[in-house]
Amino acid sequence: MATKRRPLRPNLGGTAGSPSSSGSNMNFRPGGPDITRSEARGTRPTAAPTSIREILVMGVIHLCKKTIFFNTDLKVALYLGSLFVISVIGDFVPFPKTYFARSDNLFNQYFVKIGWGWTLLFVVPFLVLSAYTITCGDHKRMLRHHFPRIVIATFFWFFWTKLFNVVENSYGRCTTKGYATKSSCLKAGHLWKGFDISGHAFILIHSSLVLIEEARPIIRWETIKEHIRNERHNRSTAENSGTNPLRTLNEEQMRSLQFLYKRLTPIIRTLFIGMAALQLLWDIMLVGTMLYYHRMIEKVISGIIAILTWYFTYRFWYPTPGLLPEAPGNGSFSYQREIPTFPFKRPSHLSTGAATTSSGSNSSRTNLNGKAATTGVPRDQQIPTFMGMPLFTSPKAASAAANLLMSDQQKRERDREQQTLES
């Protein structure tokens, strides 16, 4: 005769001494599957499920990163090479006239002529919000260490464009005698011929390079969320992590970072998408400038000046330790550094007898199709794994296992030598 089934989850709120409150009568581990995440101990929290909207946004962000973070050194070389080659061809073989050849085209009138204003429209809020977040709400550090970059970039834009006008006015002449200045010559309906260094080419290249450099804080921005989650777990369980970049932050900084990251990340992502689209537009308009405006030497000189300005500021000045302002992405913690998932190598004496028989420095594994897959890592430096996960979670455990294997191997060798001598 069938008996009554025991409940899968007895009443834990029973009185002391009742069968339901006795640990010996439980057929499961206390806590059960419905234990809350905040009550769990000993395991790292997992990421929350990702929504479809989040996946689509991250896909757009990924495409924008591919566009704007194209190899900068190669892009600079392409700028100079294109300015020279395309401009030389255009000087000798006129290109067919298109809509972009008209100086009153929509893009030239409403974008290029006020190009620096469009650049500041996206760069300033992006810089302020991203720097304010990675400095954990320290507005003084943001204003002192990051905002001056925009002031410096604006100063160089103003200085060089004004200098170009001075050069043109000083070394030019009117097609009709009697007019000493460019303004009076043009006002009378005549032409002013001078050395007109291309302000359009300078503004487009200068704006593009500033957009690229100031957008760099978005690199690995998503990892901040993971760092916050793991650091909260470490602090709740009194664990010490030697790799989490947030471990040096105090509790107030952690709260500020968590709040600002959650509130400002959607705005920062939107601004970044706008910056990537604007930088792509500047590249397209630069091609139009190469094809239809100015002479080759005027465009090449302006391009060289824009690139030298970028190199002096973003490659020499800002990365230099001790000088202000700081480079984009610097803050109260470093989140753009690659953190090794397994920070130590397997000792060479962990290799087994099978490892010594492998040929070459590359070891082979068997993939799901039964074929040998080359790992590219020497066998004696591979980390022991089980089902793809490392067997050891700390250097101490790895060293203990290594010593155990080494002593066991030495014992077997001594036994073999003893058997050889006896025979």
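Glycine is no exception: its Cβ is also placed from the backbone N, Cα and C atoms.
For His200 (among others), the entry in Swiss-Prot reads active site. Sequence-distant contacts of His200 (active site), defined by Cβ-Cβ distance under 8 angstroms and a gap of at least six in the same chain, are Val112, Met285, Thr289, Tyr293, His294. Under the three-state DSSP scheme, His200 (active site) falls in the helix class.
Neighbour count (other Cβ atoms within 10 Å of the Cβ, all protein chains): 22 for His294 (active site). The DSSP secondary structure for His294 (active site) is coil. Swiss-Prot lists His294 (among others) with the feature active site.
Positions annotated as compositional bias 'Low complexity' by Swiss-Prot: 351-367.
Swiss-Prot lists 409-423 with the feature compositional bias 'Basic and acidic residues'. With a threshold of 8 Å between CB atoms, no same-chain residue lying at least 6 positions outside the compositional bias 'Basic and acidic residues' (409-423) comes near it.
Positions annotated as region 'Disordered' by Swiss-Prot: 1-47 (among others).
According to Swiss-Prot, the region 'Disordered' annotation covers 344-381 (among others).
Annotation source Swiss-Prot lists region 'Disordered' at 400-423 (among others).
The transmembrane segment feature in Swiss-Prot is assigned to 76-96 (among others).
For 114-134 (among others), the entry in Swiss-Prot reads transmembrane segment, with the evidence type sequence analysis.
Within the chain carrying the transmembrane segment (147-167), a Cβ under 8 angstroms from the stretch's Cβ atoms is held by residues 116, 120, 123-124, 127-128, 131, 194-199, 202-203, 206, 210, 214, 302, 305-306, 309, 313, 318, 324-325, 328, all 6 or more beyond its ends. What Swiss-Prot lists as transmembrane segment is 147-167 (among others).
Within the chain, the transmembrane segment (192-212) has long-range Cβ neighbours (under 8 A, six or more residues past its boundaries) at 68-69, 72, 75-76, 79, 83, 112, 115-116, 118-119, 122-123, 153, 156-157, 160-161, 164-165, 167-169, 171-175, 182, 185-186, 275, 278-279, 282-283, 285-286, 289-290, 293-294, 298-299, 301-303, 305-307, 309-310, 314. Swiss-Prot lists 192-212 (among others) with the feature transmembrane segment.
Annotation source Swiss-Prot lists transmembrane segment at 271-291 (among others), citing sequence analysis.
According to Swiss-Prot, the feature transmembrane segment maps to 300-320 (among others). Long-range neighbours of the transmembrane segment (300-320) within the same chain, counting only residues 6 or more positions beyond its ends whose Cβ lies under 8 Å from a Cβ of the stretch, are 76, 79-80, 83-84, 87, 149, 152-153, 156, 160, 164, 197-199, 201-202, 205-206, 209-210, 213, 326-328.
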**Fill in**
Residues outside the transmembrane segment (76-96) whose C-beta sits under 8 Å from one of its C-beta atoms, at least 6 past its ends, are 201, 205, 209, 286-287, 290-292, 294-296, 299-300, 303-304, 307, 310
